[in-house]
Amino acid sequence: QSGNPFSGRTLLVNSDYSSKLDQTRQAFLSRGDQTNAAKVKYVQEKVGTFYWISNIFLLRDIDVAIQNARAAKARGENPIVGLVLYNLPDRDCSAGESSGELKLSQNGLNRYKNEYVNPFAQKLKAASDVQFAVILEPDAIGNMVTGTSAFCRNARGPQQEAIGYAISQLQASHIHLYLDVANGGWLGWADKLEPTAQEVATILQKAGNNAKIRGFSSNVSNYNPYSTSNPPPYTSGSPSPDESRYATNIANAMRQRGLPTQFIIDQSRVALSGARSEWGQWCNVNPAGFGQPFTTNTNNPNVDAIVWVKPGGESDGQCGMGGAPAAGMWFDAYAQMLTQNAHDEIAR
């Protein structure tokens, strides 16, 4: 897996997300707001976003993504499909807004391997004509490093085994793996860098057989800027006040262990200045805007690409901005706000 897998490719548009944004575009059109309606249309047609395979039922969306990628290739495009592998048993053990369908106490580890990872891997291996970037288990390593509850501590060993298994099953030249390492606000502190590298080393050891990953993902579903010259006060004392610096710091910790050093960084949603009073605020942060769309021009040799992972407009949970629905449900008022505050590259 040498070379940047995103180089010369475009991140595939997520057709499911695009159709959800129809409601947002109509809301702007009904108010005669052509400017923001045009921005939504740009996101729908031009901005690639990862597909979330967050339970066993949603494995079918891999087939949709593969179909869409083949259609794009037939039109002369050169797509890479972004997928999020996210169904760890006892996942989100610390926050609980996104707990999943599998429980370690109910045969969750075996079910994860046999009913989720195996079919996931089979679908990707069968589509050897398509390039895939797969983010593995957002937030899991964050919880392993900092999760102090008995629930998180008990989940740690089996979860390491589970992620190692997923890595071992997804070894193929057209599959590029990025193990999630939370974000700079969570693991970017000086005393967290080394434990994070240790956790990664343990997981790769469990993957066995010289299993390879391309690197790491960060800021998935979070709101940190890619780079800033004016970091908010709550970052004071951290060597990782933005995600580019976080990537550099983690890369240095990984390099010392002979581990991979490349990153992809989610910029689907970025908090506006003053939106957060503390770094730990992660839920429907208000105000925020759509961030930098997909690019490989990252100004950081450790960053393969800036990507959109979280579909902006899907709620983080019943928290943050008023009126928020349950995690994953569509929150149109939020999508409208993201559009109004969108990055300059999104059509004006």
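Glycine residues also receive a Cβ, built from the backbone N, Cα and C atoms like all the rest.
Contacts of N183 (substrate binding site) defined by a Cβ separation under 8 A and a same-chain sequence distance of 6+ are given as G142, S218, N219, V220, N222, N224, E243, Y246, in order along the sequence. When secondary structure is read from DSSP and collapsed to three states, N183 (substrate binding site) falls in the coil class. The substrate binding site annotation in Swiss-Prot covers W52, S54, N183, W186, N222, W282, K310, E314 and rests on similarity to another entry.
Residues or ranges marked as active site, proton donor by Swiss-Prot: D92 (among others). The Cβ neighbour count for D92 (active site, proton donor), using a 10 Å radius and every protein chain shown, is 19.
D139 (active site, proton donor) is surrounded by 25 other CB atoms, counting those within 10 A of its CB over all protein chains shown. Under the heading active site, proton donor, Swiss-Prot lists D139 (among others), citing experimental evidence as support.
Under 8 Å from some Cβ of the region 'Disordered' (222-244) lie the Cβ atoms of residues 183-185, 188-190, 265-267, 269-271, 273-279, 282, 285, 288, 291-292, 298-300, 303, 306, all in the same chain and six or more residues away from its ends. If you look up Swiss-Prot, you'll see 222-244 marked as region 'Disordered'.
Residues or ranges marked as compositional bias 'Low complexity' in Swiss-Prot: 222-241.
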Q: List the same-chain residues at least 6 positions away in sequence whose Cβ sits under 8 Å from the Cβ of S54 (substrate binding site), in sequence order, or say none.
A: V84, Y86, N87, G100, G328
Q.
Please give me the CB contact count at 10 A for E314 (substrate binding site), counting all chains in the structure.
A. 19
Q: Have a look around W282 (substrate binding site) and count the other CB atoms within 10 A of its CB, chains all included.
A: 22
Q | Chain-internal residues near K310 (substrate binding site), provided their CB is under 8 angstroms and they sit 6+ positions away | A | F50, V220, S221, D266, S268, R269
**Q.** Largest separation between Cα atoms (Å) of residues that the record links to substrate, namely W52, S54, N183, W186, N222, W282, K310, E314
**A.** 22
